[in-house]
Each structure stands twice: as C-alpha cells, then as structure tokens.
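Asks: I'd like to ask some things about the structure below.
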C-alpha cells in the first residue's frame, strides 16, 4: 500500500497541532492555580508583617524595621533562613509520618482556597457544596498534626498532636452548624450564591446582622481551628515546649509556620464571604456586576473584578485585626476549659441558632 507524501505531512502536522493544543490547555489550566498560589503567598507575607507591627504597637516596642522598607521583607528573610537550615530527624521516630505530617497540614489548607470567591465569577471552583467542601478539607489538617506528633517519638509532641485532634473535633461541629445556618438563609451551599444573597440590601443585608449569634460562634470556632491564643494549647510553650513542632527544624518547621497563617487567612476570607457580603459594595440595590455592567462591557468586567477583589481583601484584612489583638488580650485556657467551652456552650448554642434559623425559614414560606 502506497501512502501519498502530502497525506503523511498532513497527519504529522495534525498530530503536532493536537499536541500543541494539549500543551496550551495544560498551561491555561495551571495559570489560575499559580496566580492563586502567588496571591496567597503575598497575602501571608502581609499578614506576618501586620501581626508583627500590631503586636509591637500593643506592647509599646519597635517591630521589624531593617529587612526592607518598614520591615515588610522580614517574613521573607525568615523563610529564606529556614529554607537553608538542616532538616533533623528523630533517631527513634517514624520518619515517614514525620515527613508527611507538615505536607498534609499545608496542602489541606491550600485546597480550601479553591472555593473562595475573591470577586464576581473569580473563583477557582464554584461548587454547589463549596462551604461544606471547605469544612471537609479543613478536617484533614488535624490528621497531619497527629501524624507529626506520633512520628516524632516525643511525649511533648504526641501530647500536642492529641490536643490538636481533640480541639479540632470539639470546634468543627459548632462551626459546621453555623455554616449550615448560613446555607439555609441563602438557600444554597455555594459560596458565590451566599455572597449574592447578601447583595440586595447592601450593608444591611449582611449575614452579620441576620446571624449575630452564629457570627460570634463562627469567630470563636475559627480561632480554635487556627490554634490562636487563647486556644493555642497544642503548642503551649510553658507546658509542651512547642507541641507537635518540638522535633522539627528547617523547612518542615517553616511549613507548620506557613500552615498556621494559611489557616488564619482562609478563616478571615470565609468570614468576609459568609458574613460581610464578600465582594459587594455595601450600597443597597447596587451590586458589583450590575454597577460595572459585566454582561456587555469588557473593560467594566475587568475593572469590576478588580474592585471586587479589593473589597474582599479590605474586609478580610480589617477583620484580621481582631484575632491579632485577641492574641495579646486574653490568657490561655486550660484544656478542660477549652473542651467545656466547645461541648457544653458553643455546641448547644449553635444547635439552638440552627433551630431558630430553620423555624424562621419555614414561617417565611
């Protein structure tokens, strides 16, 4: 059988074009993910700098000032230092669990950002179960902490891992019930739909005013999830040296450091999305898509998306002042006080709040 030369050339060019299209498709798929990771990295650097400056102001001392203008590059300098430090392994520990633990803590928190809408249609994955996917993913992080504590073969590390697991279980249930109340009010579990449900009445339509009890419980539970003071028992210095982080050094210790700030940022972003109206301007009957005419005007779409991202970030970083100042205001709880607060107070109150929300929705039908 004789094949024409032109046919062979056509087949080769078609296969080459197909492979190029596949490469372009992969690149186009990676662009938003890499953009999100870059944005998160910058966001964490800003949070670390803000916390150090606010903490210095509260304690009436001078914060970081030499690494870059106003000390903005101090976190980057600390990260670079940890990157070049030696990774030490405990001699009798489980090296596999010891190495996997920090990665699970970081990856599970990073995946939570995929369902956060930073602007109108500016979300990596707009899912019908977005908020509950976040809760499911965030519940994986304590497994990594427990693995780190167990793999270290150290009594302080293991006790810190057990505390982290117990604390996470105690406060995830009230947090989930608060999110369920928001879903009932918005008639959706999509993060985009929840933001749009708050846009009609502007500032007065925020879920903060419709769910004040849920907001307080969500805030307390998110502080406990992030292991911020007064809920930092898994790594209490006076009791457990550094908890599950005791045996870590170098980049692995840096991963735990990054994971804690990733968790703090994602919690604040979800507060902005669920309770503070997300990307919307706080003016009644004016939403970002309608104001900038998204459907017709392409320039307005770009400008509106940028404005939505800025509004979301402003709300997030303004809210971040509360957990940062709380760190230097309240004393650490005992373990029994922490568990009593979660099981005996927050859980019944969040159940009552869910019952009230369900009743109001039924009567409004």
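Numbers run from 1 along the shown chain.
Placed from the backbone N, Cα and C atoms, the Cβ positions cover glycine too.
Quantities reported herein were computed from a predicted structural model and do not represent experimental measurements.
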Asks: Between the candidate ranges 129-149, 150-170, 171-191, where does Swiss-Prot place the transmembrane segment annotation?
Replies: 129-149
Asks: Of the ranges 232-252, 253-273, which one does Swiss-Prot list as transmembrane segment?
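Replies: Transmembrane segment, as annotated by Swiss-Prot, spans 253-273.
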Asks: Where, among 104-124, 129-149, 253-273, 302-322, 338-358, do we find the most CB pairs under 8 A to the transmembrane segment (30-50)?
Replies: 253-273
Asks: Most CB pairs under 8 Å with the transmembrane segment (253-273): which of 104-124, 129-149, 302-322, 338-358?
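Replies: Answer, by Cβ pair count: 104-124.
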Asks: Which residues, given as numbers and ranges, are at least 6 beyond the ends of the transmembrane segment (104-124) yet have a Cβ under 8 Å from it?
Replies: 32-33, 36-37, 40, 130-131, 133-134, 137-138, 140-141, 143-145, 147-148, 191-192, 195, 255-256, 258-259, 262-263, 266, 269-270, 273, 278-279, 288-289, 294, 304-309, 312-313
